[in-house]
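Only one structure is covered here, and it is reproduced in the block below.
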């Protein structure tokens, strides 16, 4: 249809030769020209597509600009979110390690504490089971166990202190667990937001990959931005080409109007056909000239005179262009359809970027809220647990030492009682040996005494009458007699200083002990004993003690 420009541009010239009769017969009739004018007028409805193309380009350009901004913001947020998420999970891991380490250490300490307490309780139970032999206690006293000589208030106070430490540690552990559970809930919420983000990104990627113009975006979590400028450029080219096509349709319409007006009887018909044309939208802009002004100018312009040859050439061009006008209209329609499809892809990518940005903002808001309000509390709770555990761990360690000391002390008490029984048996044996020595000595002394008495009596009978009584006054005296004296032993050297501040024994106690530091026995054979009392223990009791001592020695070696 470009040939219409050259034909319609000739405003007049020298008249050509008269047309032949054949040419006059082949010239189209007015009805034919009017039908071409009506068709040309109808083709001008494509101006709506041109206006729409202009809107599409404007919308696509705005969408591209918005997409660039949103994509940049999303990329910036994603980089920040990745760093924050790594930091957040590092904090959660460290807090969990504090909890697990504290729980493990606490469990180990409790195990040691239970073992130490079990040993102490076994020792106390042995004290309860060990009955003091009646020979060590006053006559008539109710049987007593070794446990009766133990003051358990220290054990109870130690248990109470340990229980307080355990309760405080358990409380701190429970608070840390509660804090960690809340932390996990926060992470779960963030995971849900991240899941929504991934779902949106996956959906956007699938939509982007389904577009022929953005096939490279199928493996990306964000729609491809590289395809959008080319789309916009393609839209601009389509719009410009549509404007050019519309201009050709306008020129064809102008040519039809001019041809009808120059045809006899066509002026009124042209006015009737074009009288109702109103172009209410200004289509001027980057994509073409002001079409409204051009149409109105052509409709109202005065007719220029044409020669017959010019008229014939104009009609020839008109008929030729009329065959192409429908193709031009179809091309405009096809181009606007392709532009609509491209715009749909551009808007879909923009909407996908918006969705991803909104999902990213949602995750960022979760992280920001967590970091600014609750995360410091979770970290502080871990520090509080560490502080409490260190304090109570030291106290429990001291309690373990105290339990071990008490257990050792009570074990020593049991061992000392066994040693006391052995000591009593030893003293009893020594006493028996002393008594034997005394009996043997008494027997020999009695023999010597009798021999001496008999010898003196024989001497007196034989020589006494011849000796004056004053020659040796002792000559008639009986031999001396030997009496043994038992002396109550004093305190053992080491026990003297320990008992220095003890109260003095009462008179009854002194009488029970023998009446004083010394005790004279009337005779060796006197059975009345007023010195130290050594209990007489059953042989099987002593043997049991020996067996326990041997077992204890084996267990320690």
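Positions of Cβ are set from backbone N, Cα and C atoms, glycine also.
Matching 273-303, 366-396, 397-427, 428-458 against Swiss-Prot, the residues noted as coiled coil span 428-458. Of the given residue ranges 334-355, 466-487, 488-509, 510-531, Swiss-Prot assigns the label coiled coil to 334-355. In Swiss-Prot, the region 'Disordered' annotation falls on 1-25 of the listed ranges 1-25, 26-50.
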